[in-house]
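Notes for the one structure printed next.
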Amino acid sequence: MTDNRVENSSGRAARKLRLALMGPAFIAAIGYIDPGNFATNIQAGASFGYQLLWVVVWANLMAMLIQILSAKLGIATGKNLAEQIRDHYPRPVVWFYWVQAEIIAMATDLAEFIGAAIGFKLILGVSLLQGAVLTGIATFLILMLQRRGQKPLEKVIGGLLLFVAAAYIVELFFSQPDMAQLGKGMVIPALPNPEAVFLAAGVLGATIMPHVIYLHSSLTQHLHGGTRQQRYSATKWDVAIAMTIAGFVNLAMMATAAAAFHFSGHTGIADLDQAYLTLEPLLSHAAATVFGLSLVAAGLSSTVVGTLAGQVVMQGFVRFHIPLWVRRSITMLPSFIVILMGLDPTRILVMSQVLLSFGIALALVPLLIFTSNATLMGELVNTRRVKQIGWIIVVLVVALNIWLLVGTVMGLS
């Protein structure tokens, strides 16, 4: 009887710790449903129906492992990835890392900020510039929560992630996909032609976000409660739940595009405005509005996460700190310049993804090296199998991004 009480008590304590430590992965998961993912998934679904859903499944599993490694580094060492690079690499290398990480954070933010502005434009009927002003105001308001600590921000961003997931449950209801074909697309790999291979690479290549790798390790480095092993165990639950939700959203995006566009002959849908305008007559005004709202929620939350990540890389690499509102003001400027110059926002989205591809290997390689170092990690060091899987992911993601980069540059030129 006493043993049962002890077991129940320890089980309750473990659940309580899991709940207390839940949140960092929800912030990280937002990076996986940003407007860049909207554009890629919609294009893939419209062009190839359910045939590329399996790519989303595998991309999400890879991303899950990478986020677990990032979170584990923070828990095991009490330092984030940028700080570890600063401590272990020569100063010129550290400065190079900082500059490229800042450029990538700004390129990512450009895509996310413009994505949210497009969302406001679509649902409110305002101009893209007015949408950008609304995006700026909304992100400042969300960032103000940081003054009250990490938890309120985690709750708001987690809420926005759940809102986007709920929006796509509604979209699935409206579009009524063929569940048998959907299931087949998730399980059976298919690449019907070279364009499908390129789009599949786009889905996979755009999934892993370097700025989120830096950020996640900083969100877990100051976690308290329980032993390191217990915190790591709780964090695995956090990552599993948050990334499963993000994975569902990506699957639902592609499945909705397949059901609504591909099977009605609209296979050429390539941008967010086009998707919104085509959804309305095909499904309903409500379906188009829900799409617009989900784009705003994803854009706002991901641009906030991008601002936080930029702060982490600056403090981690060069120990320099500027107020978040100053950083937000500076990183908004490229978006306003792009809009005022009248440049094509979808083209800018694509080009920002190209810039992003440069930083993936630079974040992944040191992450794997540090988490495989027994002196640094102690009992949380990577197992041999995790190391092997990790390096396979690195090689695959880097190869795909190089291929994507070459293909995109040739396509843009």
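Backbone N, Cα and C define each Cβ position, glycine as well.
Listed features, source Swiss-Prot:
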{"type": "TOPO_DOM", "residues": "1-19", "note": "topological domain 'Cytoplasmic'"}
{"type": "TRANSMEM", "residues": "20-39", "note": "transmembrane segment"}
{"type": "TOPO_DOM", "residues": "40-51", "note": "topological domain 'Periplasmic'"}
{"type": "TRANSMEM", "residues": "52-71", "note": "transmembrane segment"}
{"type": "TOPO_DOM", "residues": "72-95", "note": "topological domain 'Cytoplasmic'"}
{"type": "TRANSMEM", "residues": "96-118", "note": "transmembrane segment"}
{"type": "TOPO_DOM", "residues": "119-125", "note": "topological domain 'Periplasmic'"}
{"type": "TRANSMEM", "residues": "126-145", "note": "transmembrane segment"}
{"type": "TOPO_DOM", "residues": "146-155", "note": "topological domain 'Cytoplasmic'"}
{"type": "TRANSMEM", "residues": "156-175", "note": "transmembrane segment"}
{"type": "TOPO_DOM", "residues": "176-196", "note": "topological domain 'Periplasmic'"}
{"type": "TRANSMEM", "residues": "197-220", "note": "transmembrane segment"}
{"type": "TOPO_DOM", "residues": "221-238", "note": "topological domain 'Cytoplasmic'"}
{"type": "TRANSMEM", "residues": "239-258", "note": "transmembrane segment"}
{"type": "TOPO_DOM", "residues": "259-276", "note": "topological domain 'Periplasmic'"}
{"type": "TRANSMEM", "residues": "277-297", "note": "transmembrane segment"}
{"type": "TOPO_DOM", "residues": "298-327", "note": "topological domain 'Cytoplasmic'"}
{"type": "TRANSMEM", "residues": "328-344", "note": "transmembrane segment"}
{"type": "TOPO_DOM", "residues": "345-350", "note": "topological domain 'Periplasmic'"}
{"type": "TRANSMEM", "residues": "351-370", "note": "transmembrane segment"}
{"type": "TOPO_DOM", "residues": "371-387", "note": "topological domain 'Cytoplasmic'"}
{"type": "TRANSMEM", "residues": "388-406", "note": "transmembrane segment"}
{"type": "TOPO_DOM", "residues": "407-413", "note": "topological domain 'Periplasmic'"}
In contact by Cβ distance (the transmembrane segment (328-344), the transmembrane segment (96-118); 3 or more pairs under 8 Å): yes
Per Cβ pairs under 8 Å, the stretch of 20-39, 52-71, 126-145, 197-220, 277-297 packing most closely against the transmembrane segment (328-344): 126-145
Composition by DSSP (helix, strand, coil) of residues within the topological domain 'Cytoplasmic' (221-238): 11 helix, 0 strand, 7 coil
Rounded mean pLDDT for the residues that make up the topological domain 'Periplasmic' (176-196): 88
Criterion met for the transmembrane segment (156-175) and the transmembrane segment (388-406) (at least three Cβ pairs under 8 Å): no
Contact between the transmembrane segment (351-370) and the transmembrane segment (239-258) (at least 3 Cβ pairs under 8 Å, separation 6+): no
Surrounding residues of the transmembrane segment (20-39) on its own chain - C-beta under 8 Å, 6+ positions past either end: 60, 63, 67, 70-71, 108, 111-112, 114-116, 118-119, 150-151, 153-155, 157-158, 160-161, 164, 206-207, 209, 211-212, 215-216, 219-220, 223, 225, 231, 234-235, 237-239, 241-243, 245-247, 249-250, 253, 270-272, 295, 298-299, 301-302, 305-306, 308, 346, 349-350, 352-353, 356
